[in-house]
Amino acid sequence: MRRRHKHLIFVICTLFSIGYISFRILSGNDQTEWTDEVENSPKKITEASEYYEDVNFIKEHRPRFETPGNDRQKRISSLLEKYSIDWRSPIQENIWHVAEKWVSARKLYPESSPLISSVLRYLSSAPIVKADFGYGGTQLKITLLLEGGQLAVFKPRWYPRDFLVTGEPYAGRDRHNAEVAAFHLNRLLNFSRVPIVVGRTIDLRNEIKSVATPRLINTFFTREGNLCFYGKCLYCKGPDDGVCAQGDKLEGVVILWLPKKLTLEKWKHPWRRSYKEGRRMRWETDDSYCRTFVKNTSPYDKPPRLLDIMDTCILDFLVGNADRHRYETFKNINNSMLIILDNGKSFGNPFEDELSILAPFTQCCLLRRSTYERLQMLTDGVLSEVLKTVMELEPLAPVLTQPHLLALDRRLKVVMDKAHWCMKQYGEMNILVDE
C-alpha cells in the first residue's frame, strides 16, 4: 500500500514537471526575459500612470467647444460673423469723431461694430491734405493729415510678401503687411489694443509730394524712373536709405492716429533685449526673474499691467515680433491698457519660432482666463482660417503667405502647451485670472 502511494506521488510530480517545461517552451520566454520583465515593470507602471495622468489632465482642460454641437466649423462661423469686414460699408458722416469716441482706458474700439468697416474704408481712401516727416523712431514713415482733420501714419512697403528675414529675431526693416495682420489678429484675440490700420497704395507724386512740407520734399529723388524719398528717422541718412515707388505708386499701410487729447507715456519693457552682442539681460539667465523681481516692482505688482504684458507677449510670439523693447500706456489714466504699437517687425520668418518672446508668460505662468479661453477657441487651425478669411478683401490682399498662416497655428499650439504645463505645475486657480 505504501509502495503504491509513493508510485502515485512520483507520477504526479513527473506529470507536473513535464507540464511546466512544456509551458516554458511554448511561451517562448527564457529566464533572462522573465527577469528583465520583472525589473522593468516598475518603470512601465510609472510611465503608464503618467500617461493616464496626462490624458486626464487634457480631458479636464479640454476646450469647452469640443463637445457635440460645438464643432470647429461653428467656431469659425461665429468668429467670422463677429470680425469680418464689410468693404462695401457706407462711410458714415463724422466717422473720425466716432473712432475718437471709441477710445477708452482699456480698449481702442469695440470688439465688434459695423462702423469699424466704415473707418477702415475711409482710412484707405480719404484725401490726403498734408504730408510731413514721421514722428521719429528708427523706421521710415510719413505723418498724414487726412480730410476731416484726422492724423494718420503711412508706413511704406520694403519687402515682397514671401521675403525671408534671417539673422537676429528683430532683424530687417518693418514689414508693412505685418501691421495689418497684427491688427486683425489682435481683434480675434479680443484685445482691441492695436491701433486701427489698413492697407493703401498711394500716388507718391500726386497724393504726397503735391501736399508735402518743404523739408519732406527735399528728401525726394528719382531712381531708375521711380519716385523715391528717404524722409527722416534714425536710420534715414540719405538716398541709400530711401524707399522707391513703382513709378509713382507706393504700397503701404495707414495707421489711425490716437486722439490728440490723450498723451502717451513710454515704459521700458521688463523683458527687453540688450541689442548688444554678448550681453544678456537678467531675464535671459534668471528663471525666477518674474517671481523675485517683476512681481515686486511697480507697476507690475498689481493688475492689470502684468496681465497686459502676458497678453502682449502671446500676440508677439504668434506673429514673431521680438522687438518689443518698450511700450506705451495712456498717461494719467488709471488702469490704462498697454497699447500695442509698432508691429512691423512681425512675420519675418515663418519657419522659426522665437521662444524667448514667450519668456514673460513662461516665467510668470500667469494669464487672463478670457485670453486662455479665446486661445482655445482658435485651436485646430481655426486661427489661420479665420484670419485669412477676414483679410481676404483687404486692400493689400493677400496679406500673409500660407507659410505664415501655418506658423500661427503651430505657434498657438506651443502657447497652449505652455499654458497646460503651468496649470499642471501650479494649478489652474493659480494661473488663470478672472477679471
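Backbone N, Cα and C atoms are what each Cβ position is placed from, and that goes for glycine too.
Automated prediction, rather than curation, is the source of TrEMBL annotations.
Residues or ranges marked as active site in TrEMBL: D323. What TrEMBL lists as ATP binding site is Q139, K155, I255, L256, W257, L258, E328, D342. If you look up TrEMBL, you'll see D174, D342 marked as Mn(2+) binding site. Positions annotated as domain 'FAM20 C-terminal' by TrEMBL: 220-431. According to TrEMBL, the transmembrane segment annotation covers 7-26.
Taking the features listed in TrEMBL, we show where each one sits on the structure.
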{"residue": "Q139", "record": "ATP binding site", "contacts (Cβ under 8 Å, 6+ apart)": "K155, R173, D174, C233, Y235, G344"}
{"residue": "I255", "record": "ATP binding site", "contacts (Cβ under 8 Å, 6+ apart)": "A152, V153, F154, K155, E179, P195, I196, V197"}
{"residue": "L256", "record": "ATP binding site", "contacts (Cβ under 8 Å, 6+ apart)": "A99, V119, L123, Q150, A152, P195, I196, V197"}
{"residue": "W257", "record": "ATP binding site", "contacts (Cβ under 8 Å, 6+ apart)": "Q150, L151, A152, V153, P195"}
{"residue": "L258", "record": "ATP binding site", "contacts (Cβ under 8 Å, 6+ apart)": "V103, L108, P195, L264, I339"}
{"residue": "D323", "record": "active site", "contacts (Cβ under 8 Å, 6+ apart)": "P169, Y170, D342, K345"}
{"residue": "E328", "record": "ATP binding site", "contacts (Cβ under 8 Å, 6+ apart)": "L264, E265, K266, W267, L338, I339, L341"}
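The maximal spread of the ATP binding site, taken as the longest Cα to Cα distance among Q139, K155, I255, L256, W257, L258, E328, D342, is 19 Å. According to its DSSP assignment, E328 (ATP binding site) is in a strand. This prediction places the mean pLDDT of the domain 'FAM20 C-terminal' (220-431) at 97.
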